[in-house]
Amino acid sequence: LGLISESNELVNPEGIRRDLQALKSVNVDGVMVDCWWGLVEDTPQKYNWCAYRELFTIVKESDLKLQVVMSFHQCGGNVGDDVNIPIPKWVLEIGKENPDIFFTDKHGHRNPECLTWGVDKERVLKSRTGLEVYFDYMRSFRQEFDDLFQSGVIAEIEVGLGACGELRYPSYVPRSGWEYPGIGEFQARKQKTQCYDKYLIKSLKQAAEARGHTEWGCCPDNAGEYNSKPQETDFFRDGGDYDSYYGRFFLKWYSKVLIEHGDRVLMLAKLAFEGFHIASKVSGIHWWYKTASHAAELAAGFYNPCNRDGYVEIAEMFAKHDASLNFTCVELRTLAQEEDFPEALADPEGLVWQVLNAAWDAGIYVASENALPCYDRDGYNKILENAKPSKNPDGRHISAFTYLRLSPVLMEEHNLQEFARFVKRLHGTQV
């Protein structure tokens, strides 16, 4: 994450070159790189790609491919993050005058991690809409690096669609230090709907009026707090209001706004990168999966309670744009989660099975990532189990796997040897 400094300069190019050569020696195909909006567009519609040009040149010289992420979110504050890159300062300045450009919870706390979907079509960003800002950035990148597209060095563009670059609302806090404290990995259990900015509230009221229930034009007031367990709330508990007439209306609207945002941004990405492959990431919200409501997924925008498959619509939206779906947490085992965090009622294996099959049913490519640092054979074996061989008779297999992330720990000799063994076996599943 710290390859490019906060002053938009390449850090330790010789060290990068050395690490890339080590990766090439164990037959890695390429690397994924975040292109941070906060670094590149320091001034509206003025883009500085110099540091990325230098980095990409090193990657090309290392004979590796590039998967580049259009990262419209802040870097920092998430599991494993060791650097801090906010979104552009000029956007944060606009936010001081109009804080509703950011996602907002019911207490009025603003989250400057990314822009609310509510400004996708609002001219609040120096006379541009959110969608125009995203498109201008992607178009500038496409023009700047045309040579790397044409030579095949850039193999894929992954488009950031929300918090952490994933298609989701910023509905949970994966670390202490934002607004609410927590402990360990399970602190990611925190969930809260994030649609109290004036733009999304306006959309909700319009949807309620169109439905003939103006009284439904408000967010649930009984969904608890960030650390509430589903059974402690009247909205998320078994038999709770999430499955009432109002609850189903609200959750359908909430997820529809998310999916429509993804649809619009991927449409523009397809235009900006015409003729080249695009992808986007869906987060693996596996905690509370064993409850009826799937509260954490609902808050993230995935309308996926136990009686409804919320990932079908998402997969179909990806298919509409011929985009690959990149999914996470494929290294996690449900039994380990039960032993370490029994109160989380998590089921990562069940979630992976559901999402991957929804994507395969939609006829799209599926890529994957690990959610947490992974250096052991057990985790690697779980990834291989999920990857499946391309000769699988039903044609369902992972098209690519991205390892998170390149670090000094991975470069330690024993860890690199284990990683090399994993890469060799992973290539074997794709033969």
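Each residue, glycine too, has its Cβ placed from N, Cα and C.
Taken from TrEMBL, the feature substrate binding site covers D34, H73, D81, K281, H286, T328, N370, A371, R405. Taking the Cβ of D34 (substrate binding site) as reference, residues of its chain lying under 8 Å away and at least six apart in sequence are, in sequence order, L1, V69, S71, C75, G165.
The active site, proton donor annotation in TrEMBL covers E166. When Cβ atoms from all protein chains are considered, those within 10 Å of E166 (active site, proton donor) total 21, not counting its own.
Around E369 (active site, proton acceptor), taking its Cβ as the centre, 20 other Cβ atoms fall within 10 Å, counting all chains. TrEMBL lists E369 with the feature active site, proton acceptor.
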CB contacts for R405 (substrate binding site) [other CB atoms within 10 A, all chains]: 14
Alpha-carbon spacing, E369 (active site, proton acceptor) to H286 (substrate binding site), which is rounded to whole Å: 14
Least Cβ-crowded entry, counting other Cβ within 10 Å, from the binding-site residues listed as H286, N370: N370
Integer Cα-Cα distance in angstrom, E166 (active site, proton donor) to N370 (substrate binding site): 14
